[in-house]
Amino acid sequence: MTEQPAPYRPNPTLKRLEHGMESVLFNSRWLMAPFYLGLVVCLAVMLFKFFKKLWEFILIAPSANEADIILGALSLIDVSLIGNLILIVVFSGYENFVSRINPGDHPDWPEWMTKVDFAGLKQKMLASIVAISAIQVLKAFMNIDAFFDAQKMGWLVGVHLVFVVSTLLLALSDRWGGDHKSE
């Protein structure tokens, strides 16, 4: 009769070491929380910048021409879009990498905040960047009579097109790869 080998029993010391390392790695995600809090501070700075631009806009509005009104509105929209981008990163990043957010029964809780996965986060970020870039190009075109620089305009349009193409390629790769569920 053949003798059966004893079943494998992992070394208890190595098992504790493995469990300890896994615990440290898992809990290291909390190191990202201060980054998100820093972005909230950045959002407050953007709010200050928004009110500063709004005040300047109000002061020039009575004597401004149509182009100046449009440029002022575009500047306010630009700051708002950057604020939206910060919020997307804060909520989605925290939810995806640190901890789940429990909205409870809060009636004002935006539905997207708990439904954006990493692929959706990338798409929303790039879409916001494309919108911000488009505003910069539009502002440059609105000022074309006063400050025309063909090289700068070429760079603005070129960078904007890179953002647009990157966003489209990312969306296509996510769709083809099945990385993102359509919402």
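Each residue, glycine too, has its Cβ placed from N, Cα and C.
Features reported for this protein in TrEMBL:
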type: TRANSMEM; residues: 30-48; note: transmembrane segment
type: TRANSMEM; residues: 69-94; note: transmembrane segment
type: TRANSMEM; residues: 125-142; note: transmembrane segment
type: TRANSMEM; residues: 154-173; note: transmembrane segment
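Listed by sequence, the residues of this chain that lie at least six past the ends of the transmembrane segment (30-48) yet keep a Cβ under 8 A from its Cβ atoms are 79, 82-83, 86-87, 89-90, 93-94, 97-99. Tertiary proximity for the transmembrane segment (69-94) is limited to same-chain residues at least six positions away from its ends with a CB under 8 Å from its CB atoms, namely 32-33, 35-36, 39-40, 42-43, 46-47, 49-50, 53-54, 56-57, 60-61, 101, 113, 116, 118, 120-121, 124-125, 128-129, 131-132, 135-136, 138-139, 142-143.
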